[in-house]
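This report concerns only the one structure given below.
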Amino acid sequence: MPMITLFPNTIHSRTALLIYVMLPMVFTLGIFGYVGLNSIEKQVEKQMQTDLELVARAVQMPLSYALEKDRMGSMQQSLESVFAIGRVYSAYVYDSQGKRILNLGLAEPEEQREKMTKLAAKGRKRGEYEQIGGRQVYSYFLPLTDTGGQINGLLQLTRKESEFIQNFNILRIHAALILTVLVVLLSGVVLYGHHRAVGVHLKRLTASMTRIAKGDHRHRFKYSGPKEIIVLGKTFNHMLNRMNEARKTILAHRRKQDELEQEIRQNEKLAALGRFAAGTAHELGTPLSTIGGRAQRALRTRDLSEDLVRVFETIRNEVSRMEYIIKQLLDFSRKNSLRRAPVDVSWLMESAVSTVQEAAKMNQSQIRCTTPDTKTIVFLDGIRVQQALVNLLKNAVQSRPGATVMLTCTCRDPFVLFYVEDDGPGVASENRTQIFDPFFTTKSVGKGTGLGLSVVHAAAQEHGGSIELKNSRLGGACFILAIPCRKPELQAGENQ
């Protein structure tokens, strides 16, 4: 079944209060007022009838005596005294035969001798409404008796019905006025009570909602008022807090999504660049090998002038530099699977230092290598990790002329940690977020490709490890290469 809407969308709470509280109250008061007014009207009517009865009783004895003595003058005086009271419309006296013998008033009734004879014969008091002289009146009949107690006549006093109606109308007007004043007072009390108890707080709540709708998301409703308003305010504030949290979560997800999309686009570009670099490196590899070989053979020729020797040495050195760049491009683009095998950490460190030693001498730098005291065997791809250490050492050696470089190692199960530190200028804070990006370099053109640290980062990730940059105790940069060194099947068995 469809729900009945008790409160239309456009109705105000005060109007609803008047409709659903005051109207039933007024209706109830009206019913009780109507019943009470009918009761009062009956009492007033009874009182007016009683007044007429009392007037009739007051003249009953004089009239009875005068009728017994046949003194018309005395009866006339007695009836005239009735009108002095001011509550009688007309008065009539009948004998025992129902004949009207005397009447005073503004109207004369029709002859109803048979009716009057019966009333006189019964000797009972009686009141009734009837029409006399074209007017609706209330008649009261009272028997007259002689000294012996015999009924010798009948007295009829009348009172206009309009007097009854007039009194009733006055009562009704007063009742209506009282009810109106009562309704107005009750409505005022109810509206004032609504304003003080609910209306003020609802206005505050509405004002809070308006502020928030205008963009003031930090605003909160201040708790005060009845318990229901406080509960509503707390619920409202809780809803705002949840909405703010949801908004922050959505914004964070959007930022994360944008970052991921940007990273995906960047990775796609790097993948394409890697494929291009790999192809280019392969294409350049053969000619460079030929040039390097020819220069090497030329240097073996006897009786070469010093100028030619310098030329061939320069050619060989530049070819070696280009081959190193090509090797870095190939390392960057290579996506071969890891070849894990047991490797001695000391050998791994010493071989990396040996590879970089010549470059260190050319830069007048010194490398200090501290290997573990005991033989430590780790399970990893030795070639990839050695290349990563070589790149880190070369980067440290080139940090400044005459640099001091330290290579140390610690084992924290299940990782082996390699520390490469230098006393160079370190890495600027604005470059730390990009230091591992491919092709990013702070060196001048021709001094670096920006792939060395990218290769280190790739090797760490492929091993399930990490590369971290911190400040060195020597004053420069400290790179921490963390590589998991345990066999995967052994580690899985222990976890079970």
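Every residue gets a Cβ built from N, Cα and C, even glycine.
Owing to the predicted nature of the structure, the values given are computational and were not obtained by experimental measurement.
Positions annotated as coiled coil by TrEMBL: 243-273. Model confidence over the coiled coil (243-273) stands at 83, taken as the mean pLDDT rounded to a whole number.
The feature domain 'HAMP' is assigned by TrEMBL to 196-248.
The domain 'Histidine kinase' annotation in TrEMBL covers 279-487.
Annotated transmembrane segment per TrEMBL: 17-37 (among others), in sequence order.
For 170-193 (among others), the entry in TrEMBL reads transmembrane segment. For the transmembrane segment (170-193), the list of distant contacts is 14, 17-18, 21-22, 25-26, 29-30, 33, 36-37, 40-41, 44: same-chain residues at least six beyond its ends, Cβ to Cβ under 8 Å.
Panel annotation: around the transmembrane segment (17-37), residues 6, 11, 171-172, 175, 179, 182-183, 186-187, 190-191, 194 of the same chain, lying at least six beyond its termini, place a Cβ under 8 Å from a Cβ of the stretch.
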